[in-house]
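**Student:** Okay, here's the structure, questions in a sec.
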């Protein structure tokens, strides 16, 4: 999991570099990121054959992946306008959105402890955004929007597990994400020719982003295959300090003073939530 967090941090740094230093539009970054990742993971799909694509809920798969694609687009756009440390910290509000979505759409029970945890997490996000400060911009809300979209994706994934096999759910994620990102790119009207950076620099950074995306997903899947999610959660939270370190090394960008108390509230609420869920599972 630590390797996965490090790989994702490399993706975030490379994505911010591509958007701010190379001038590649976010829709183009998103498209090539997952095309390259798909190519690198294609051998795994070929191994399972067309069996993984058999489904009677194709429409739900499309809706689920569309939410994921929208989250990716918003995430990458945020990385071109907001410091890495802020983007990553605010994205960690996703579990709290999952609680709200699960209550609204899956009718799952929400305990007072979960409500308090959710409220605490959002207070942490508010402290990081600091809408009362002069440095606040509307771009600061983008990571929260991405977190909400990914929460919708997670809830739909959980719903699909009632009918679909994990292999089918994973396969459709990879297969559908590329055409959806392609459609968003075409709708934007942008082209590769609009990028003024040298081709070598453009393709080098895009390949790095795609390769580390595939690597991060592999490490993450491997981690969840050998350990429980509750055990891995503290290691997953390491992505925040790892991203802060990477961002500081590459961009010399240090977090603001608001970051630390806000991040502490978000991580603390997340860990408490995981501990509560672990206790509930053992009781059941």
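Keep in mind that glycine also has a Cβ here, set from the backbone N, Cα and C atoms.
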**Student:** Give the range, chosen from 58-78, 226-246, that Swiss-Prot lists as transmembrane segment.
**Tutor:** 58-78
**Student:** For the transmembrane segment (195-215), what are the same-chain contacts with Cβ under 8 Å, counting residues 6+ beyond its ends?
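**Tutor:** Contacts of the transmembrane segment (195-215) (Cβ under 8 Å, skipping residues fewer than 6 from its ends): 7-8, 10-11, 14-15, 17-18, 22-25, 28-29, 32-37, 39-41.
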**Student:** For the transmembrane segment (82-102), name the stretch out of 26-46, 115-135, 136-156 with the most CB-CB pairs under 8 Å.
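**Tutor:** The stretch I would name here is 136-156.
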**Student:** Let's see if you can do this one: DSSP helix, strand and coil counts over the domain 'EamA 1' (2-129), in that order.
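**Tutor:** For the domain 'EamA 1' (2-129), the helix, strand and coil counts are 109 helix, 0 strand, 19 coil.
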**Student:** By a Cβ-Cβ criterion of under 8 Å, what residues six or more beyond either terminus of the transmembrane segment (247-267) are in contact with it?
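**Tutor:** Tertiary neighbours of the transmembrane segment (247-267) are 12-13, 16-17, 83-86, 89, 92-93, 120-121, 123-128, 130, 133, 135, 237, 240.
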